[in-house]
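Some features that TrEMBL has for this protein:
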| type | residues | note |
| --- | --- | --- |
| REGION | 1-76 | region 'Disordered' |
| COMPBIAS | 13-33 | compositional bias 'Gly residues' |
| COMPBIAS | 54-63 | compositional bias 'Acidic residues' |
| TRANSMEM | 122-149 | transmembrane segment |
| DOMAIN | 124-692 | domain 'Major facilitator superfamily (MFS) profile' |
| TRANSMEM | 161-178 | transmembrane segment |
| TRANSMEM | 190-210 | transmembrane segment |
| TRANSMEM | 216-236 | transmembrane segment |
| TRANSMEM | 248-271 | transmembrane segment |
| TRANSMEM | 291-310 | transmembrane segment |
| TRANSMEM | 405-425 | transmembrane segment |
| TRANSMEM | 550-573 | transmembrane segment |
| TRANSMEM | 580-601 | transmembrane segment |
| TRANSMEM | 607-627 | transmembrane segment |
| TRANSMEM | 639-662 | transmembrane segment |
| TRANSMEM | 668-686 | transmembrane segment |
Amino acid sequence: MDDPYHNNVTQQGKGGGEYTYTQEGGGGGGGQDGYPYQADYPPQEEDARSDATEGADDDEQMYEGEYQGVPHPDEVKEARRAARLEARRKARQVAQQEEEEDNLPEQYETLMEDCGHGRFQWMLFAVLGLALMADGVDGFVVGFVLPSAEKDMCISNSDKGMLGLLVYVAMMVGALVWGGLSDKMGRRKCLIYVLSIDLVFSFLSCFAQGYGFFLFFRICSGFGIGGSIPIVYTYFTEFLQMDKRGEHLSWLCMFWMLGGLYASFTAWGIIPHYGWGFAIGTEIQIHSWRLFIFVCLFPALAALIGVIFMPESPRFLLEAARHDEAWMVLRRVHDTNWKAKGEPERVFTATNIKTPQTEEDDFIEIQSDTGTAFQRWTVRHMTMLQQVMANIMSLSAAELRLQGLFLLIVWFCLAFSYHGLGVWFPDMIKYMQYEEYESKVRVFHRERVERFHFNFSLVNQIHREGEYIHDKFANIEIKSVKFEDSLFENCYFEDVRSTNTFFENCTIKNTVFYNTDLWEEKFKDCKMENTTFLHPKKGCHLNFLEENDIVIYMVSFLGSLAALPGNILSALFMDKIGRIRIIGGSMLASAACTFLLLLSFSQGAVICWQCLFYGTSVAAWNGLQVISVELYPSAKRGTAFGILNGICKFAAILASFIFAKFIGITKIVPIFLAFASLVCGGLVALKLPETREKILQ
């Protein structure tokens with residue numbers, strides 16, 4: 001029957017039965033929701049089956065709404081059940097990940113105890129000690145070569161101050177950058193970069209003939225070596241078990257003192273020997289102070305060679321989810337130590353070390369496999385930079401904010417007083433030497449010298465309103481001499497060397513200057529009449545007898561040597577009485593020593609109190625560096641130490657500027673600033689948490 005409003009459809013099922021439904025046409029006028037046929041079904045019981053599907057398999061049963069894309073209720077239930085299972089699986093995975101992270105410190109400590117402490121740690125101790133020694137040497141290089149370099153390259157006083165300032169700024173930036181990168185690139189890799197940069201640019205600075213190039217090379221060298229301290233302490237800490245950390249990190253601190261001894265001794269033995277220099281062609285002059293810079297490269301070179309043969313920190317490898325590499329390094333440490341102890345049969349028993357992989361690691365791996373080589377390089381390094389910045393920002397988390405602030409204050413206070421007095425001691429000695437020299441000056445007033453041959457040196461003299469007629473000055477040195485309102489007529493100067501010598505308001509007539517270094521800058525407001533300059537020695541010229549006072553080298557040498565007893569005592573007692581007592585006690589004792597500086601009325605007294613101050617304050621440095629690596633988790637350890645060391649460099653810059661301003665004016669202000677800083681830092685240090693029995697997080 002052809003009905004415009006009814007259409008009967010019959011479909012044969014697989015099981016031989018039929019099912020029939022009736023659809024009303026006319027634009028869906030007889031049903032609900034546009035599907036009127038659904039309302040035509042007779043009411044059925046819930047478990048009833050149609051005749052058409054009777055005998056069919058359950059798996060082949062068909063849902064009437066599937067033609068319209070309506071999900072079957074069973075499918076909805078199954079999807080919800082699957083979602084709940086997936087949520088439970090993810091929750092279990094997160095809980096397992098958190099449990100693994102919580103168990104990692106104890107697991108790693110157990111592994112290090114199993115590996116033991118022996119030959120491997122001592123080899124690493126020597127290598128990293130040389131790297132720390134290289135940093136100590138670099139801290140003295142600029143100060144030692146500056147008196148000679150300023151004459152050799154005609155460096156003005158302002159440029160001289162800028163050199164020392166910019167090198168320290170570069171070291172501060174290097175500490176921040178390399179400390180952060182060591183948490184993402186690895187301790188060993190960053191240390192290789194740091195030492196390589198220092199070696200290359202320090203070597204180039206040996207040959208720089210102009211101030212601009214010399215400044216650039218020293219800044220680059222400072223940027224490199226500035227990152228050594230955060231990396232060295234972080235690197236060595238992660239190879240030590242808990243009961244060995246304090247003592248052996250304190251022994252490692254001794255290498256910075258050895259760097260000072262090495263620099264002072266070599267400067268003392270090389271720089272004053274002008275004859276040890278040589279020339280490369282006619283343009284490059286290698287004087288003895290440049291040889292000193294070259295000799296100072298040896299610790300960094302030896303450290304670089306040693307680090308190449310050392311493995312990466314296994315703790316870093318575990319944090320980076322590089323489990324197999326970490327296992328190989330730990331087995332190497334284990335086998336090296338136990339074979340050296342005569343027990344080669346002992347087997348490394350750890351078989352499975354798991355740490356969760358972060359989403360950032362997945363992102364880098366995915367992105368580094370796509371795009372061009374440049375895009376992969378850019379993505380990898382930009383992501384690494386973002387991670388470093390995230391590490392820095394995360395250090396202000398609530399649980400670290402207070403103790404991190406206390407630690408930062410202690411670092412700043414100790415560095416401010418230590419480096420401030422480190423500048424004040426040698427400058428005070430120089431000022432005392434200058435005062436003593438000035439007290440012996442000879443003054444000649446209205447002397448008249450005619451037809452006289454000056455064949456002897458003029459030293460530390462003032463000549464006022466003198467007259468020199470037909471006189472000859474030949475083959476002599478004029479040192480710290482001033483001629484004021486004097487007349488030179490028909491005189492002859494030949495082969496004259498001068499240091500700190502000036503002519504002020506003088507009249508010079510019919511006079512010849514032949515092969516002398518007396519040039520325009522030596523004559524102030526002078527009147528020249530028929531005066532001739534032949535073969536003048538323009539520019540700056542070295543005078544090693546004047547510019548290299550071995551007392552300064554001796555002061556630095558004794559100051560570094562005085563730290564030896566403090567280093568030994570702090571290493572022996574670091575694990576016995578704790579880090580906090582070492583830091584607080586050392587800083588307060590150093591504060592008491594600063595009052596003795598009020599009694600420094602001679603050069604010998606200044607040297608004595610300097611040695612006492614360095615000997616008492618070095619224990620605070622050791623304790624501070626130990627607690628800094630123990631307080632922060634492995635993923636942020638290098639970043640945190642880099643920030644703290646950067647604050648130390650900033651305090652050194654600030655203190656050097658402030659303390660130098662009071663030289664020759666008063667001793668009270670520098671001594672009070674050092675005392676207040678040490679007392680403040682010592683009291684704040686007592687608020688820090690004790691970490692000697694803390695497992696590395």
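Here the Cβ of each residue, glycine as well, is placed from N, Cα and C on the backbone.
Only sequence-distant pairs (6 or more apart) were considered; of these, at least three Cβ pairs between the transmembrane segment (405-425) and the transmembrane segment (607-627) are under 8 A, so the stretches are in contact.
Sequence-remote contacts of a segment are chain residues at least 6 beyond its ends whose Cβ falls under 8 Å from one of its Cβ atoms, and for the transmembrane segment (248-271) they are 121, 125, 128-130, 132-141, 144-145, 148, 232-233, 236-237, 240, 288-289, 291-292, 295-296, 299, 544, 548, 550, 553-554, 556-557, 559-561, 563-564, 567, 570-571, 574, 618, 621-623, 625-626, 629.
Fewer than three CB pairs closer than 8 A are found between the transmembrane segment (639-662) and the transmembrane segment (291-310), and contact between the two stretches is not assigned (pairs 6 or more residues apart). Between the transmembrane segment (580-601) and the stretches 122-149, 161-178, 607-627, Cβ pairs under 8 Å are most numerous for 607-627.
Through the fold, the transmembrane segment (161-178) approaches residues 138, 142-143, 146, 155, 190, 193-194, 214-215, 218-231, 638, 642-643, 645-646, 648-650, 652-653, 656-657 of its own chain, all at least 6 residues removed from its boundaries and within a Cβ separation under 8 Å.
Non-local neighbours of the transmembrane segment (291-310) in the same chain are 123-124, 126-128, 130-131, 133-134, 137-138, 141, 144-145, 188, 191-192, 195-196, 198-199, 202-203, 205-206, 225, 259, 262-263, 266-267, 270-271, 276-277; each lies 6+ residues outside the stretch with a CB under 8 Å from one of its CB atoms.
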